[in-house]
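Report on the structure given below.
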């Protein structure tokens, strides 16, 4: 328990938060990695997932890829990428994207697929084109599941971003590995608590947005 | 390939160490999740709280959990017990929801009928509800087993031996085959355990086409 008190002393110490290597800067780095990885992954996975859901083609491929990512050890992906492209942000970013794409893809096609065929037929009967059905019916109605995919991807990336420091990048993992190497358990603990809080806050924000969305759509 | 052949004894040891961490965690999360799910289904107002509450645990990143948990357990960060408990928590986060849904999917009419023919609650659970929920429970267990096997490796950065050690060794000494072997073996292990679960499912639930839930 003493360690826990010491860890909170670290977290409540303004000096630990300030400066280029402080908790504040590392947390912003962590968030920046997460945001960038999500942006890149969404740019790849959203269009593909929406098209898979809309056309129903390559569905098996999307299902398999999202199943496979669970079996993929994140540490293996990140260290392998680091050996190939070297120390820095590129290797972690590649692995974040590899790990985030399947979740977003799955959410996107599941969202589009979840719209009832009767609704889609009705939209077509109104004279909507394929694109209009996708943009005005399938995407808005599938939004809670599409956001669910982004939510899973965010969790995955926030967790994996902690490992980025292992291959020489920044983020809150820096403090964690510094504590590990110097046998400074309170510092490790403080960094771990910071990452856990960050993950839970982000997850709660997604939960909130999904709830608001469902309420606006009249589903609850 | 040569590197793998030269290091075969070590790889075998690491594979066994990996299983010694993953298998107890998978078993424990199943055995703990089913009673929790059953109780949550019985006390209806608590169901959503319990199911969402355990689900929230999944939001906790693995490496930080490996580090925070020893405070509660009184163990060291590198203790295998610590790693197994952390993995069990992640397993529970997935399994409680699928077990609650699986037990809930048992038809209410069937439940009433079994009570009517004289089953006690305990007998009803073991001989009616559990078998009927079996295929859905198995589907949840398969997800837990795959994700647990891949999660184990993160503990290697703390110095716990598993297939993850092939990643840390491989990275520190720049041996690509070591990392590649680790990834492939993790996937193979996940696949083998999955096939085993499906086979066991067919054996004990011959009435269900397993895997098509």
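Residue numbering: from 1, along the chain as shown.
Any Cβ shown, glycine's included, is placed from N, Cα and C.
What TrEMBL lists as domain 'ABC transmembrane type-1' is B:15-197.
Marked as transmembrane segment by TrEMBL: B:16-38 (among others).
What TrEMBL records for B:50-73 (among others) is transmembrane segment. Within the chain, the transmembrane segment (B:50-73) has long-range Cβ neighbours (under 8 A, six or more residues past its boundaries) at 36-37, 39-40, 79, 81-83, 85-86, 89-90, 92-94, 96-97, 100, 151, 154-155, 157-158.
The feature transmembrane segment is assigned by TrEMBL to B:79-96 (among others).
What TrEMBL lists as transmembrane segment is B:146-167 (among others).
If you look at the transmembrane segment (B:179-205), the same-chain residues 6 or more away from its ends with a CB under 8 A from one of its CBs are 3-4, 11, 15, 18-19, 22, 26, 131, 134-135, 138, 141-142, 145-146, 149-150, 153, 163-164, 166-167, 170-171, 211. Annotation comment: TrEMBL describes B:179-205 (among others) as transmembrane segment.
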Looking only at residues six or more beyond either end of the transmembrane segment (B:16-38), which have a C-beta under 8 A from one in the stretch?
50-51, 54, 80, 83-85, 87-92, 94-97, 99-100, 102-103, 125, 137, 141, 144-145, 148-149, 152-153, 155, 160-164, 186, 189, 193
